[in-house]
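Here is the structure we will look at, set down as structure tokens.
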């Protein structure tokens, strides 16, 4: 009698012939090795014989072969086909090696099939991806809304304090100038006040140098203002329990999602990869 499971090649495609346990008859299954997976093959076997409760494939070392494995990979080595409680040892025939010209032709066919698959499913993939990005944008905006409101209040408070500090500095400088003028023309003479103004200038230079030593930055008024604003902002954020790191992360995720959606909607960029939030993490 023939072996329970045999494999032959017809017209370049493997034909697996096996005896169905319930019907006790031989049945042929022609598979496309580059497309059909092990799971799809086993599903066809169970569909053909409703009495099959268990159908699995194991390697010769006893490890189970995944259902996602292509039949082309499975047929490269011996394996065991388990149907219900019976295990069948299968030895695929050695396939004749393709000539280099034929192999190149097969690779071209594979590439063509892949391009056709992408072209046929690109629109569905684009619509599904766009829907996912829109849902992600709505979720991020919903999370950012209370944080944006809290940030606006903290920013307004920090700006007010920074502005008040600048006006206080101007008032102190005006007071100092008026005091020096009053001491020079009404109390003392310039001969007495000249050393005072010199040491005041020298003290100011020392203060600016100390600022550089502490901050490693030149004392430039816009930079100093921004630094003081950030100081007030982070101090207020701490008291208001505003998570700056989480806010920045959500803003970055929102910008990435908007960029991905923009690229997805541009016809010239449909062939370019869409980078997601977890790719830049």
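In case you wondered, yes, glycine gets a Cβ from its N, Cα and C as well.
Values in this document were obtained by computation on a predicted structure and should not be read as measured data.
Per TrEMBL, the stretch carrying the note transmembrane segment among 120-138, 139-157, 196-214 is 196-214.
As stated in TrEMBL, the feature transmembrane segment covers range 165-184 out of the listed 65-84, 85-104, 165-184.
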